[in-house]
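**Q** These came from TrEMBL, pasted as-is:
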| type | residues | note |
| --- | --- | --- |
| DOMAIN | 1-199 | domain 'G-protein coupled receptors family 1 profile' |
| TRANSMEM | 41-65 | transmembrane segment |
| TRANSMEM | 86-105 | transmembrane segment |
| TRANSMEM | 139-161 | transmembrane segment |
| TRANSMEM | 214-232 | transmembrane segment |
| DOMAIN | 222-473 | domain 'G-protein coupled receptors family 1 profile' |
| TRANSMEM | 244-266 | transmembrane segment |
| TRANSMEM | 278-301 | transmembrane segment |
| TRANSMEM | 321-345 | transmembrane segment |
| TRANSMEM | 392-410 | transmembrane segment |
| TRANSMEM | 422-441 | transmembrane segment |
| TRANSMEM | 453-475 | transmembrane segment |
Amino acid sequence: MYLFLSMLAVSDLELSAATLSTLLKLFWFNACEIDFDACPIQMFFIHVFFLMESGILLTMSFDCYMAISDPLRYTTILTNSTIAKIGVRLLLLAVAIIFPGPFLIKQLRFCKAHVLSHSYCLHPDIIKLSCSDHHINSIYGITIILITFGVDSLLILLSYLKILMTVLVIASQYFGHVSITTSNCTSTHLTAFLLTGIPGLEDFQIWISIPFSFMYLLAVIGNGLVVAVVAWDRSLHEPMYVFLGMLAFNDVLLCTVTVPKMLLIFSQGSSLSTFPACLTQMFFVHALFLSESAVLLAMAFDRYVAICSPLHYATLLTGSLISKVGLALVARSVAVVTPGVLLILRLHFCQSNIIHHTYCENMGIAKLACNSIALNSIYGLTAALLTTGLDFLLISLSYWLILRTVFRLPSREARTKAFGTCGAHICVILIFYTLAFFSFFTHHFGKHVPRHALILLANLYLLVPPTMNPIVYGVKTKEIKMRVLGLCSQTK
């Protein structure tokens, strides 16, 4: 598994190296030209590593299939030598498939425009500039897509269908009727987890519930108003406000998944949560948290294009692109969190069923298992770094580029106006990532931090951002503030 992951990382690095050179030259130095001979070479490497990426993802799905569906034969089939051969064959196959491409390009005559509407060279974009017959190139490109990505996608889908069937069989055998053997060899059945709330603060939970209730109502009402305003007012159907609507809708779901159960525990004491309900809550907590981070990244990209490349803003950030971004962030969240749920399903629970928390989350459940949770820990840490961590780095890069552009503006008024459009987003980013990273690092490295402080912090980083976001945008964004006030006055 980790060897395949290393292959994927190397392929990602090579793919980035093949594209970033021209992309950064274009964005930073406005260097738009690329040599005619260099363009097919770049095209060759991009397509080769893209094919390798697809092949590696296919082998990783096969690796998961073997590990779950046929674990007894896993080590005998997927040996180190076999994995090395797979890697070499994937590279050779990708080279062999893409090798004819540059030669087919060389056969074409180019007598029209030589402008590519892209930041790097791709086969379909190059052949469109030709004034000679390029049917062979088109057929070649479509055939490659069908026999590589098409077949890979079908095989990956088949693998995960097989995995899902196996998991469902395992779940029906174990988790509907899990036995825990005690020290005197008697058995009981684990069908639910007991959520205790904040350990050590049981006597104060009823008082803690008061500010938490107020924050939850404020989050639901405030974000609900933002969603309603953006949805109903056609003048706000612009990328910046659509992303803001996505963020507000995500915030309502994120706090609703956790807060009602939390308030029930605060008011009535420890509460039982069935195993399926606990897994479902865990899934939505982590998926919605990841989608929140992804929306903030999309909003940073929106500000980057608006300030650094305003002439391309309307053509780049179209309605169809925003829809695709919305679907992509949902798909990413589901794809990242689903393996975590499957890793929980493989665990055997033979210890206590008490979770000292107010909601179900990945490691809180995993720590109750009696078999090794090393894989769960590694996956959780890796997923956090490659999603939320990477999002934060890309947001930081976007704002570094924005600052670089703003300080080059000639007038002070222009700089002030540019900063004004980013002020609300910067505040939201600081609130979200400061609490998230502080909670993450104290959980993993704060060995001497009291448990009640960790649980309180884990609740706050899911509740404070949804509460503060509509307030920040209401104060900082004139359009939102005026529309909300208008909506409230109409209801009166």
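Quick reminder: no glycine exception, Cβ is built from N, Cα and C everywhere.
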**Q** Run the contact check on the transmembrane segment (278-301) against the transmembrane segment (422-441): 3 or more C-beta pairs under 8 Å, excluding pairs closer than 6 in sequence.
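**A** Output yes: the transmembrane segment (278-301) sits against the transmembrane segment (422-441).
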**Q** Do at least three C-beta pairs under 8 angstroms join the transmembrane segment (139-161) to the transmembrane segment (214-232), pairs 6 or more apart in sequence?
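**A** No, the transmembrane segment (139-161) and the transmembrane segment (214-232) are not in contact.
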**Q** Quick check for me: are there 3+ Cβ pairs below 8 Å between the transmembrane segment (244-266) and the transmembrane segment (41-65), leaving out pairs under 6 residues apart?
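**A** Since fewer than 3 Cβ pairs under 8 Å link them, the transmembrane segment (244-266) and the transmembrane segment (41-65) do not come into contact.
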**Q** Please give the sequence-distant neighbours of the transmembrane segment (214-232): residues at least 6 beyond its ends with Cβ less than 8 Å from one of its Cβ atoms.
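**A** For the transmembrane segment (214-232), the far contacts come to 241-242, 244-245, 248-249, 251-252, 255-256, 259-260, 263, 463-464, 466-467, 469-471, 473-474, 480, 483-484, 487-488.
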**Q** What residues elsewhere in the chain lie close to the transmembrane segment (41-65), defined as a C-beta under 8 angstroms and at least 6 residues from its ends?
**A** 1, 4-5, 7-8, 11-12, 14-15, 18-19, 22, 34, 78, 86, 90-91, 93-95, 97-99, 101-102, 105, 120-123, 126, 144, 148-149, 152, 155-156, 159-160, 162-163
**Q** State the residues, same chain only, that lie 6 or more residues beyond the ends of the transmembrane segment (422-441) and have a CB under 8 A from a CB inside it; answer 'none' if no residue qualifies.
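**A** Cβ under 8 Å, 6 or more out: 247, 289, 292-293, 296, 299-300, 303, 307, 384, 388, 392, 395, 399, 402, 454, 457-458, 460-461, 464-465, 468-469, 472-473, 475-477.
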